[in-house]
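Marked as active site, proton acceptor by Swiss-Prot on the basis of sequence analysis: GLU315.
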Amino acid sequence: MHSFEISIPDSGLETALQNKIDRKTKPLGALGLLEKTAKKIGLVQQTLTPQLNNPQMLVFAGDHGAAKAGVSAYPQDVTWQMVENFLAGGAAINVFARQNGLGLSVVDAGVAHDFGQRTGLIDAKVAAGTANYIEQAAMTPAQCAQAIQNGAAIVRQLAAKGCNVVGFGEMGIGNTASASLLTHCLTGLPLAECVGRGTGLDDAGLARKQDLLEQALIRYRNAGGNNDAGAVLAEFGGFEIATMVGAMLAAAEAKMVLLIDGFIVGSAALIASRLAPALLDYCVFCHRSAEAGHRTQLLAMGAEPLLDLGLRLGEGTGAALAYPLVQSAVSFLNEMASFESAGVSDKE
């Protein structure tokens, strides 16, 4: 697997950051998770006065061979149709990114459609969708490696343009099924507790999805498959998930703040953090999704999400919605008065 130089942020500033937070005109801990977020960002940037510069949202899109087997309520064509919707500015992520001042790019990591050259679209296509993992590995090791390299290159270009905070989103019919398999393999949670309704499967559809995923697992185990993060990514992942893994690793290497969305983005973060555990020190977990298995993902990563809105859309919507809270964490640290500067008496 690839080599990324990801170091745990130097904790030398931690006491000074905590003291700065504690001297603000408020009771200790009164800003809750915003205080932890402010401290995390200060440590990532190694400063008492962090800044969020050129914030960008990346939406990674890819098709899944297993979608044709019936793991989703929607036809595979919806992937490319939604990419067109993103490019036209009409999706939920477009609305929230515009509202909150986030730049937005769509990454074609492996959609089964030819988009040509388009403004706002990054061509990082490994292939026109993965293979059907119910019958064979979703991708070859070489394809998986290529996707990771592609993602890293995209983020390095953003870093060169002064971006120090990046949000992750995705689109791919069938990718909740893929994320369910990855979550099961990496956390040990029973598959049934990792499999949800995705885009809205009825009871029969949910049972069929679970049965198909059990078949995929049996095939993999019978072939001697293990739970190594890189191996399960190639076996069950999507090109959008693998490309996202590379992007996350490069973002942490560049000491950027990573805005982690929901269940599918969470599966990429789970993989990336198994490959480089220090990555978690750079992640802000934006929300707890309504999708089955996301709670276990968050527990496995020791994550405290900022929001719990019952979201299950994907696209990076939870990350975009949480971004103003991240801004608020930085703003209170930089702008709020201390007891001393405001002439306010602290408690006895």
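Going from the start of the chain as shown, residues are counted 1 onward.
Heads up, the Cβ atoms here are built off N, Cα and C, so glycines get one too.
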* For GLU315 (active site, proton acceptor), just count the other CB atoms lying within 10 A of its CB, please. => 28
* What does DSSP assign GLU315 (active site, proton acceptor), in three states? -> coil
